[in-house]
Amino acid sequence: MFNIFKKKTNSNTSIEIDYNNIPKHIAIIMDGNGRWAKKKNLPRTFGHKAGVETIRKIIKECNRLGIKYLTLYAFSTENWKRPKDEVNALMTLLVEYLKKEFDELNKNGVVINYIGDISKLPKTCQEELIKAKRNTINNKGVVMNLALNYGGRAEIINALNSLISDIKDKNSKNITISEKDFEKYLYTSGMPDPDIIIRPSGEQRLSNFLLWQCAYSEFWYSDILWPDFSEADLHQAIYDYQNRDRRFGGI
Ligand code: IPE
Ligand code: IPE
Ligand code: MG
């Protein structure tokens, strides 16, 4: 039996979401901050700041909707190519965000987690992330995975290297690895694959995001820029997802 009813969002929009079919895992490529700032004749960093405001709204709404995992692509392995000033501003914003938002996130039961090779981030970022993770690990709300210095290819290679180093008898010719064995070495070990990948900003590419995990994810694109992304857009994405036919290769 479906229990469909109208849910009002903060942004005064109503859309019919099926609360019996809420995706377990939503992943978002938070894109378009730079273009948002450019449109307003502001420096790109203003776009990143505005993007943080959107993060705050969307986590709150995901938590309220009962979504179990929210993975946010915040900094890719390729984003180091950006000008030093922009990279530094992003790292500073991350530390400020964790410091400023910690109490509120913790109060709302959010589990703060990260995926990616954080050892390449500035020490202050690493410390804040480790502390936030440690202090929220027993919370019961949405797990927020911040993808930082994350790349899907790097993740797979990292998993492969860890797996090789765990193989005891390296001379054995009889080693077979299953998908399940391999997944244990990914950053997302123990988490369900994303049901839906959302990318605002008009781009229709993965940009090295969750390459292994997105095998059967539904993609949802929108021209809206991340700083303008609202609870209503999230509802629309969930609604559209619920109206897709996921066959997983079956009929
Ligand atoms: C996403 O916005 C934020 C990061 C990649 C860190 P962009 O900075 O990529 O914004 P655009 O794509 O230039 O508009
Ligand atoms: C993807 O956005 C990475 C993040 C949102 C963190 P980019 O803006 O870096 O991706 P491309 O360069 O348009 O593919
Ligand atoms: Mg971009």
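Glycine is treated like the rest: Cβ placed from N, Cα and C.
Per TrEMBL, the feature active site maps to D31. Per TrEMBL, Mg(2+) binding site is recorded for D31, E218. Marked as substrate binding site by TrEMBL: 32-36, R44, H48, 76-78, W80, R82, R199, 205-207. What TrEMBL lists as active site, proton acceptor is N79.
What TrEMBL annotates, mapped onto the structure for a quick look.
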{"residue": "D31", "record": "active site", "Cβ contacts under 8 Å, 6 or more apart": "R199, P200, S201, E203, S207, L225, W226"}
{"residue": "G32", "record": "substrate binding site", "Cβ contacts under 8 Å, 6 or more apart": "G47, P200, S201, G202, I224, L225, W226, P227"}
{"residue": "G34", "record": "substrate binding site", "Cβ contacts under 8 Å, 6 or more apart": "R44, G47"}
{"residue": "H48", "record": "substrate binding site", "Cβ contacts under 8 Å, 6 or more apart": "N33, A37, A89, L90, L93"}
{"residue": "T77", "record": "substrate binding site", "Cβ contacts under 8 Å, 6 or more apart": "G116, D117, N149, Y150, G151, R153, A154, N208"}
{"residue": "N79", "record": "active site, proton acceptor", "Cβ contacts under 8 Å, 6 or more apart": "V87, L90"}
{"residue": "W80", "record": "substrate binding site", "Cβ contacts under 8 Å, 6 or more apart": "V87, N149"}
{"residue": "L206", "record": "substrate binding site", "Cβ contacts under 8 Å, 6 or more apart": "I29, G152, I197, C214"}
{"residue": "E218", "record": "Mg(2+) binding site", "Cβ contacts under 8 Å, 6 or more apart": "D195, I196, I197, Y241, R244, R246"}
Neighbourhood of ligand 1 - binding-site residues from T77, W80, R199, L206 with Cβ under 6 Å: none
Among D31, W36, N79, R199, L206, the recorded positions whose C-beta sits under 6 Å from ligand 3: D31
Under 8 Å by Cβ from W36 (substrate binding site), same chain, sequence gap 6 or more: G47, A50, G51, L225, W226, P227, D228
Where the C-beta lies under 6 angstroms from ligand 2, the matching binding-site residues among G32, G34, W36, W80, R199, L206: none
Protein Cβ atoms within 10 Å of R199 (substrate binding site), excluding its own: 23
Local backbone state of E218 (Mg(2+) binding site), from DSSP in three classes: strand
DSSP-derived structure type at L206 (substrate binding site), helix or strand or else coil: coil
